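Presented below is the structure to which this report refers.
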């Protein structure tokens with residue numbers, strides 16, 4: 001819902017107001033002076049103040065800030081709910097700019113007024129660059145004694161964090177134990193060298209000897225075989241690039257009109273992804289793009305816009321879906337979305353009679369059908385097209401290898417757009433290596449709440465309580481039971497347990513007409529509890545259904561659980577997922593891991609994370625075959641993917657592959673300063689690990705700045721040691737881009753050694769030696785020394801950053 005100043009006070013009690021624009025009242029976490037100005041203004045304003053906020057993350061941050069300063073706003077749904085005795089309120093609505101209602105003496109403030117840093121639309125991460133690190137698992141999820149991989153020393157076991165002080169310098173270290181009890185202490189500034197090990201079960205993970213030669217031998221051996229695999233993948237890529245496709249042209253006026261018909265405001269992620277899709281479709285090379293976004297994040301709208309572009313170019317669109325229910329759902333949505341345009345949309349599934357199917361085939365051939373949405377029937381050999389231009393594959397993980405082979409044969413020269421919430425490992429692998437283009441929608445729609453997930457042993461009392469809570473607020477419930485032969489018994493049992501509920505069943509073995517009727521009735525709220533199989537896993541989108549109960553949840557795959565849970569939480573109401581097991585003590589270890597994973601990922605955008613965790617649970621054989629999976633077991637998935645990506649980059653750029661280039665030694669930094677997030681600042685170890693890893697994996701300075709502001713917002717002013725940590729992260733980032741081998745410095749001298757001078761501004765380097773010969777000295781052909789007397793660590797680090805920026809040829 002969008003609110004304007006003319007609309008927000010539309011209630012009869014408050015009308016005809018005069019308004020004035022606000023002064024500069026930004027809440028800026030990096031500027032205490034402005035904070036004080038804002039607070040002073042809020043304290044002194046004589047009337048009511050309403051904070052009109054939308055994004056959940058921003059809402060929490062603003063409320064925390066206000067409460068720290070003794071301002072406790074009360075939540076209201078409507079303007080008329082304001083109370084005389086209270087001065088501060090907040091509501092979940094969207095206004096573009098804050099203003100003052102002078103007539104009623106009300107100050108309205110929006111998110112934009114308070115958090116310009118965090119919602120600046122100009123900063124949208126480059127999707128391709130961000131995906132470079134998608135195979136880097138989150139270190140904050142590390143568990144004591146679980147395997148980790150250090151790129152230089154091999155696979156050991158994580159033993160926690162420890163703070164060590166030497167010569168008055170404090171630093172925090174990640175501790176890894178190796179064979180024979182040896183321990184490695186990794187400075188937190190070097191966490192980019194560490195990743196959780198994934199390749200086989202925890203129990204069977206290798207354990208290397210610290211200082212031994214086995215690890216280096218293994219890396220060298222595998223890096224050679226990786227080259228062959230890289231060449232194979234590049235052959236696939238080159239084959240795709242050599243094909244001739246159709247270059248779509250955009251009629252800007254028509255396209256903008258279609259976009260304006262959208263009933264909701266698209267997120268910045270959706271807009272950015274659509275730019276990539278439009279760019280792909282405009283090229284005379286067939287598009288092959290994977291869009292990964294959680295359920296309900298707006299992938300369908302992107303598919304609709306791509307379809308509109310295709311139809312505008314007189315091309316047909318095929319939308320391939322795994323289930324009849326999803327086909328029905330898309331058919332309804334596409335019909336509504338294209339209702340203002342002369343576009344003929346049809347559906348092909350088992351719900352159509354043979355006569356209807358024959359007519360559809362006829363109209364597909366003669367071009368009367370512009371967009372067809374169908375199940376596996378779209379893969380029939382006898383289907384002919386007039387002018388097919390775009391294939392959209394939804395829920396790609398539901399299609400098997402045989403289906404993929406048919407798609408390759410039938411649809412080899414057209415644009416392909418793949419949509420998924422949980423990509424299968426093979427697709428994930430191709431996306432990670434850049435063979436398949438990848439876009440991620442990570443930002444949820446405004447006002448969407450994360451689903452609360454609970455895992456419990458079976459309990460009739462709990463089931464009754466859960467269902468009654470939902471139907472008492474006018475909602476609906478999915479009850480998943482995946483054995484058709486017993487589903488009637490479940491319905492009888494629930495009818496006795498909850499007589500207040502109206503219950504019906506739905507499953508894939510019902511007659512088409514009966515299943516269609518049940519689903520339509522549930523959609524139209526004719527009953528409130530649907531007992532069904534996983535038939536609703538894809539394609540059911542009902543805003544009122546906000547509770548799902550899954551019996552025998554330990555029998556489901558991780559992707560299945562995520563998809564089922566995604567059927568709820570599509571409105572602004574809090575949604576609940578109850579996963580039931582018969583006996584915790586009797587479920588398998590893999591089932592426990594799946595349930596732990598699904599319950600831990602209740603945040604938005606969890607599908608991608610779950611794909612990685614699914615990979616960890618099931619192993620990697622599915623991705624690359626037996627030989628490669630054996631290599632991955634020996635060195636871990638993360639390093640294997642790094643080696644593969646390095647090999648692909650070398651081959652793409654026409655460089656000669658060498659083991660040395662593939663396994664270049666990581667940058668070493670030793671700056672003799674205290675740099676850590678003290679436990680007095682962040683108590684929780686995993687939270688500290690999370691921020692350490694974020695800093696270590698940053699690929700832009702702007703990302704480091706964002707992390708800095710995130711720390712300040714959540715935990716307050718940065719301690720001096722933490723300021724040093726931020727600066728060292730920037731030094732590492734720039735030094736790595738230049739090609740520095742190591743950089744060492746104390747308060748008196750410093751040494752920089754280069755791998756090569758490829759990215760160095762040699763002109764600037766020569767000027768330094770000529771201008772300040774007492775400071776600079778060339779020790780070897782690749783090593784320079786500088787003499788520096790700065791006792792303040794912070795100033796010294798800033799000086800080094802400035803030096804590195806000047807040394808870098810390109811603008812960082």
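Even glycines carry a Cβ here, placed using N, Cα and C.
The annotation domain 'Helicase ATP-binding' is assigned in Swiss-Prot to 280-441.
The number of other Cβ atoms within 10 Å of the Cβ belonging to residue 295 (ATP binding site), over all protein chains shown, comes to 23. The ATP binding site feature in Swiss-Prot is assigned to 293, 294, 295, 296, 297, 298, 299, 300.
Mean per-residue pLDDT, taken over the motif 'DEEH box' (394-397), amounts to 78. The annotation motif 'DEEH box' is assigned in Swiss-Prot to 394-397.
Swiss-Prot lists 462-621 with the feature domain 'Helicase C-terminal'.
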Cβ neighbour count within 10 Å of residue 296 (ATP binding site): 20
Shell list (ATP; ref centroid = CB of 293, 294, 295, 296, 297, 298, 299, 300; cutoff 8 A): 421, 441
Candidate with sparsest Cβ neighbourhood (10 Å radius) among 293, 294, 297, 299, 300, the listed binding-site residues: 300
Under 8 Å by Cβ from residue 298 (ATP binding site), counting only residues of that chain that are 6 or more apart: 266, 267, 270, 441, 445
Conformational class of residue 293 (ATP binding site) under the three-state DSSP mapping: strand
